[in-house]
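Taken verbatim from TrEMBL:
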type     : residues                               : note
BINDING  : 626, 627, 628, 629, 630, 631, 632, 633 : ATP binding site
DOMAIN   : 700-716                                : domain 'DNA mismatch repair proteins mutS family'
REGION   : 805-841                                : region 'Disordered'
COMPBIAS : 806-841                                : compositional bias 'Low complexity'
Ligand SMILES: Nc1ncnc2c1ncn2[C@@H]1O[C@H](COP(=O)(O)OP(=O)(O)OP(=O)(O)O)[C@@H](O)[C@H]1O
């Protein structure tokens, strides 16, 4: 269905004939062609015509008809009081929603109430608490290609802003690939583009929004930036950064309905991508830092490390994990702090408890400066400020946190003001009183006293009038329409005094007022009205005074956030038994030495995790072989994660670790069972490989997992071998390469820095047991068929696969397995007796099994036919495309 934005077509057809109110709607829709306009009519936000149909569909609300002198229009509305959940649905359905509010009091308006768009809600600029997950970030980003003075293209400027917290940053990256890498780190919800902007990967998980190209213009952007920071050139490196940043800020202003700069965006940080350990999308994904393809949020690296107590800390830890450090001093400073907290259980748990009381200061600061904060928000700020003295005391004696101690500003002036001004449990509404404390303002106190005295006088009136009139059933009451009254039932009406004036007649009684009651009533309501509006004015003054301190509040927020993130790392380290890593000396050649290393996530899901050592010398390449499921991938990732955690400032899951400061982690996981993408999968694999071969340095860690599998076995082995040789001979990168190409293990004999590792398994009868223990040397058997059997592949398929292997190798895999078991029992690497199977044949069998695994209900006859056909194929002479086509045909046969 095409999105309905701007002016609904049916309304466009009759726009000149509609009522004045609808013509206001038409005008606002025309001003916001990209947004779905929700138009306030009393207590509802309404949409009309096609927009109404869409709102009714997405929000599941009733579609009604509006009828007026100009015609009949479909109409759908959502209640303003309860708008958040409906707005969320519309934003989730990729709508930008423009809220056209009544900006004039309906009672005071002469004629049509004025309306204006006060806010455009878009996926990347949500600020409403109800629509935001706690501790999350919501960025809108933009990318601008950089041009040098001579018109040469030279890299890209990237900017992002989180409109809910005011965080804003810029960076420049050299290549298109780096753009994607940076965006993968930022994970923006929305990406701004103009007509000539470079298109970024369309697969990105963000909404693309086209904005006016003028907002990207150099001068326009620079002018805007100078409204935010005093000296933009000091913060911004080049025009591309300035243009990208100008555009995101302009868009943020537009969506917040502000004409001027957003006060709470008070600093623009600059990242240099060389100042952080670089991780590309493949690394973030395959190391399962934040996402684990649906296995639950705890089963990620972030999930394991996240012991934060506050939303501030959670966001900070997220940032740290996305941008590990490369500056040795900064890493050591974080490690020192974590170390101190690991060593002091009492400080750690007290700190964690106090931090749990901190509200989300970043978002509070945004709301306060945007005048969206209510009295409860100010009280939340006060509550957070109240914990600061305790935080200071808790860390006063921890030298590693002395910098945090010095930066913890108690903001006493702000705290005192809020506490003196705002009631302890204020209402949500700001205009109905109860917000400002007694004794804060003399005029307010006088008004409240007048009101109070009046009410007390009324409260005493009943008794006084009963006595005066002798009517025992006389009562004094109040209602919204008629105000105060004295009620006398019909049988007593003859006793009513002369100064009673009739106000209202009921069935069994009459209601009266006296001149004095009227006078008191005017006094009470006059004072109450005036006091309510004075309270609102005083509240706004207090809020503005606090808003002027936004910068200090944001600094405090960042210190609290860091303390919480450090505390979280210390708790995770203690809970999971991590150790402080030693960083190699700066001058040392990068090498990795881990004793008893573990995978931080897998170890939490396994009953017994087997720790493994790693010893990778400078420029070393480890070729890792072993049966399927034996632990190769887990091992490689745990090595990468140890390095990554260390550079985040975290302890690492190991008994001891000496680690280098890496510049980059590359991971390339080969096209495994998922051939669905066909050629494109292999192409992607190769283009990612190209990037590694171009960019890796001797400070990079490269993980290659079954690279080359996406093509024919012969080509795959050739590519794998050439890649390993190149990495070893030219790049000197630290490399772990898990492979089923046993032929690759021969490289260890040819090149000094290459060595073999293998994961062994033992077999008893048909049962294979994985030891998950890494040992030197190459493995001799893949146990693919045994794994298939254990996975439940029907017996005829398993038997046929054994026949295929036997006939192509002249051998049965049993002998390999037996040799492997015997080697392991003797503690010898299997490579010594290697009876390596022909890779072409075992790959053919693997392929047959992979297909069979895909559908275990296949009949044995079809599978046998496919297996026979597979046997006929001469894979070594096929092109990758031919191989894929043949595979596709075979699979189609199986699917029939
Ligand atoms: N050191 C270990 N201790 C305990 N269990 C482990 C260990 N390493 C891996 N495992 C378990 O074994 C499973 C398979 O591990 P992994 O995916 O690393 O094997 P693999 O050799 O890479 O397999 P394949 O070649 O099929 O990709 C893991 O999901 C985990 O459950």
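Cβ atoms here come from the backbone N, Cα and C positions, even for glycine.
TrEMBL entries are annotated by machine, without manual review.
Computed from a predicted structure; not experimentally measured.
A map of TrEMBL features onto the structure.
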{"residue": "626", "record": "ATP binding site", "Cβ contacts under 8 Å, 6 or more apart": "632, 758, 759, 760, 761, 779"}
{"residue": "630", "record": "ATP binding site", "Cβ contacts under 8 Å, 6 or more apart": "759, 760, 761, 770, 771, 772, 779"}
{"residue": "631", "record": "ATP binding site", "Cβ contacts under 8 Å, 6 or more apart": "610, 612, 759, 770, 772, 774"}
{"residue": "633", "record": "ATP binding site", "Cβ contacts under 8 Å, 6 or more apart": "669, 705, 738"}
Tally every other Cβ atom lying within 10 Å of the Cβ atom of residue 628 (ATP binding site).
-> 18
Would you list, in sequence order, the residues of this chain other than 626, 627, 628, 629, 630, 631, 632, 633 that have their CB within 8 A of the centroid of the site's CB atoms, where the site is the one recorded for ATP?
-> 738, 759, 770
Counting only other Cβ atoms and using a 10 Å cut-off, which of the binding-site residues 627, 629, 632 scores lowest?
-> 629
